[in-house]
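For reference, the structure discussed in these notes is given below.
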Amino acid sequence: MTEVSMSLTGHLKELRTRLLIILLSFFLAFFVGLFVSKPLILFLQKDDLPKEVILHVFKVTDAFQIYIEMAFIIGLILVFPVILYQLWAFVKPGLHASEQRITLRYIPITFLLFLCGVVFSYVITFPFILKFMFQFAAELGVETTIGLATYFQFLLQIVLSFGVLFELPMVIMLLTRLSLITPNGMRRARKYAYFCLLIIAAFIAPPEILSHLMITIPLIGLYEISIVVSGFTVRRMDKEMNMKKML
């Protein structure tokens, strides 16, 4: 067997081991989610909804479906740091010692950004959209009837989307380090980026202008923060390059 094929076999075994660890970790996290899901669903109903609004089930399977979906989402969130670490461990042999230290720091920051997106959308964006919709329905003299599945799927759509989108600064930092983008390039592409963010917000928000703005504005803020992050990364890379030249 050649050295290349042995190396390939070793990488495949390593990949299988990492995937197995992720899979087992997810099953454990999903098991935890089964215990947490029910009290979390009860809390979210009491915390978000006005007292006069009652959730309904329109299909026999709705309640159980949401229970399993919530447990699945909890499992994914809990296993997210494990996925990041296993990914880092897989590519670690191909990195220099300094790169290993830097990229390892990305793991807690990435997870923290995801949680910040979830918390931000749950505390600010989602309540605003919900309050506006209920008030608008009341002004029209319409009684609000919400399905359990529809409500929680909408909630998850908002908070998970924001969790993912809050990773933008980290993605920009990585792309900047790979010399794929620059802060000046991001500034020049600002109007195109804003247009793309408007389209992304349209997929997340209901078809209503205020709700759409409540999602678009934070996304634009994230883009501007990402430009700053990209600039900081470029300056740091230049500093590292100058230090290497001095050695």
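Note that Cβ sites are derived from N, Cα and C of the backbone, with glycine treated the same way.
According to Swiss-Prot, the transmembrane segment annotation covers 21-41 (among others).
According to Swiss-Prot, the transmembrane segment annotation covers 71-91 (among others), on the basis of sequence analysis.
The transmembrane segment annotation in Swiss-Prot covers 109-129 (among others). Here the transmembrane segment (109-129) has long-range neighbours at 48, 77, 80-81, 84, 155, 158-167, 169-170, 205-206, 211, 214-215, 218, meaning same-chain residues at least 6 beyond its ends whose C-beta is under 8 angstroms from one of its own.
Sequence annotations record features per position, and here Swiss-Prot assigns transmembrane segment to 154-174 (among others).
Per Swiss-Prot, the feature transmembrane segment maps to 195-215 (among others).
Long-range Cβ contacts of the transmembrane segment (71-91) within its own chain (Cβ-Cβ under 8 Å, at least 6 residues beyond either end) map to 14-15, 18-19, 21-22, 25-27, 29-34, 36-37, 40, 103-104, 106-108, 110-111, 114, 118, 156, 160.
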